[in-house]
Amino acid sequence: MITFHTQEYIEFLRDVTPTNLNMYSKEKLLSYNVGEDCSQTLLLTGLEAFITPKNSRHHARVLYIDIDVHHGDGVQEAFYLTDRVMTVSFHRYGNLFFPGTGDMFEVGVENGKYYSVNVPLKEGIDDDMYFSVFKSVITDVVQFYRPTAIVLQCGADSLGCDRLGVFNLSIRGHGSCVRFVKGLNIPLLVLGGGGYTVRNVARCWAYETAVLLGQEDVIPNELPYSEYIQYFSPDYTLHPDLTTKLDNANTRQVSPMFFKAPFE
């Protein structure tokens, strides 16, 4: 842990509780990114969306899933030598696309061998193909690893029309991955990630919050009026067409090869 965090921060995480939070100054809490946007209670009733670190003989198996358009290189590196965390990243790979890592043969080493799964994709992948690959990979991973908790990183730069992204996913298509993971009924922590067309990031995460709450059929497509409404011009809806930016360079014939090796 101290490879990636200071000893002081680790000790803070070990010692802090809801009852002693007032012992820490506001400046100290802000330095640890603890503020008004960090909930002290579980807001999504019925959703097991947290992990409590405790000393125990039972070792949790955490599955980390990344649907950001960029390879999850930092998280992969952190757990590349261990089987305690299995990482799965779906990302654009090739032609010097940042960060340049995430080849399908990056599978981990030593105790972590075969606990890193990379699904390198070409530009322009659409909803149907992306979800087909996602569902197949995650189904096999869960069956193989049997995680006790899942962390899902929902980078919105895999949406179509993202300023830095190169995929053709719609907001509903992106959200279908969230819905599938939620449906596994495994304790789940959902995180944001990248996203460089901000109006679509807001749309995406609003929709996926509704998915997690089981309210996706209730939330209206027409955006409510607010002081920020002009930022969503020219389409004032939750689900604008984002799927026409790039041709799909992926083929169904080669997609299964991205995840076949680790499970043989």
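Cβ coordinates come from backbone N, Cα and C, glycine included.
What TrEMBL lists as divalent metal cation binding site is Asp68, His70, Asp157. Neighbour list (Asp157 (divalent metal cation binding site), Cβ cut-off 8 Å, at least 6 residues apart, same chain): Asp68, Val69, His70, Leu164, Gly165, Gly193, Gly194, Gly195, Tyr196.
What TrEMBL records for 56-211 is domain 'Histone deacetylase'.
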Non-site residues, in chain order, whose CB comes within 8 A of the mean position of the CB atoms of Asp68, His70, Asp157 at divalent metal cation: Val69, His91, Gly155, Ser158, Leu164, Gly165, Gly193, Gly194, Gly195
